[in-house]
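Student: Shown below is the structure under consideration.
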Amino acid sequence: MATLKFKDASSPYKQPLPSPPPEDYIFQKYLEDLAPKKELHHPKIKLALFGVGRAGTIHLSNIIASPRVKLLYIVDDLESNWESIKEHWHLEDVMFLTSEESSRVYRDLNVDAVIVASPTYTHEAIVTRSLEAKKAVFCEKPVAQDRLNTVRCYETARKVGKPLFCAFNRRFDPCYSTVRQRVRKGEVGHVHVIKTVARDSPLPGIEYLKTSGGIFHDCMVHDFDLITWILGEYPNKVAVRAHAHIPEIKALGDYDTVVATLHFPSGTLGVIDISRNSPVGYDQRLEVFGPKGLITADNERPLHSVTMQRGLQGATQAPIWYSFASRFMNGYRRELDHFINVVLGKSELSVTSEETLAVCKIACACEESAKTGKMVEINWPANEIPRNTENLI
Ligand SMILES: NC(=O)c1ccc[n+]([C@@H]2O[C@H](COP(=O)([O-])OP(=O)(O)OC[C@H]3O[C@@H](n4cnc5c(N)ncnc54)[C@H](O)[C@@H]3O)[C@@H](O)[C@H]2O)c1
């Protein structure tokens, strides 16, 4: 027997158990739940949630799953949904309010933090009122409809000394944060090309798109944030081509398909290929290429251990995730966890005001390039370049 010589006579019970790899973030979390550390005990953060639509429902399920928060209020104008939400989640002790009644949230000293997942045009007012009432704020992207009002929101946050977290959820995706760490360790060397493919599924409703702020501010901001967060660098030139294939989107003056090229001062080139309507599922890919190698984060699949069935028709694979709620489930959970840590004073805010404003500036430049058909230069005064580009989450 050729392998007999490798036989180890000692029992595995007599050997130290191998530690779970840090990459198994779900098991690491399980270990925390399995043996909670007494010294880590903290009071529950009390929350109000504004908006229980597509994004708000994801946050609601994560709030309910977290032992570290307690939901006190839901503010949403769609009163016809209240009863079913209450019953589905057993929210008998949560108070439901319309936006007109929301001053009750601001007045309530028990509310520590507010999660904003209402339509984009409502963000600025809710963020400002929450901050002025001394609540920490977690806000869905974008923080406000334009750069000036985003600046105002961050100024308010600074004045009152409360965190304003812009929820760029892709940073908290375990695969993307691993790509960043590996790029920052120099595994591909100086990056020559960074590419994202971001194709939305399902096609967002037209009512949503009417008030979304357009594809650059609503959708592509995720890619601008992801790319600049990985590189720690900001583009000085952008050239964009955009088209609306869908008549209803064209009628809004918006686009459904965009390709953007970004030029970075160090010579790195960025490419973003984005669509509003993907028939193949939520197509999200990332690639970083340099002289030492290539790192990719490919599409994930719900049944990823069942990769292929071979038949006379050839090989088939399980489909990719259908939508953001499934593909980024872990990212949404982890961003809420990060925010809770910030509110508890255990972590520094990882998405800074400078970063959010820089992303907004890139979105404006790309929008201008799409409209004019020309390359647009972006000037970065020293105070607009985010400083903490070396920090990892
Ligand atoms: N990070 C992501 O992956 C992601 C995904 C989707 C949406 N978003 C963001 O989330 C926000 C909401 O988008 P959505 O797709 O969930 O929209 P949605 O239309 O599905 O839901 C919005 C909800 O807010 C409620 N609402 C309306 N006005 C309100 C107000 N003044 N106060 C409180 N609630 C109010 C509506 O009744 C609705 O239930 C947008 O800013 C969007 O950019 C982020």
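Every residue, even glycine, has its Cβ placed from backbone N, Cα and C.
Remember, TrEMBL labels are computer predictions, not curated facts.
Below are the features listed in TrEMBL for this protein:
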- 45-166: domain 'Gfo/Idh/MocA-like oxidoreductase N-terminal' (DOMAIN)
- 180-378: domain 'Gfo/Idh/MocA-like oxidoreductase C-terminal' (DOMAIN)
- 1-21: region 'Disordered' (REGION)
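How buried are these features, and what lies next to them?
Tutor: Summarised as a single figure, the pLDDT of the domain 'Gfo/Idh/MocA-like oxidoreductase C-terminal' (180-378) averages 96.
Sorting the region 'Disordered' (1-21) by DSSP state (H, G, I as helix; E, B as strand; all else coil) yields 6 helix, 0 strand, 15 coil.
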Student: Please count the residues of the domain 'Gfo/Idh/MocA-like oxidoreductase N-terminal' (45-166) that DSSP assigns to helix (H, G, I), strand (E, B) and coil.
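Tutor: So the counts come to 58 helix, 28 strand, 36 coil.
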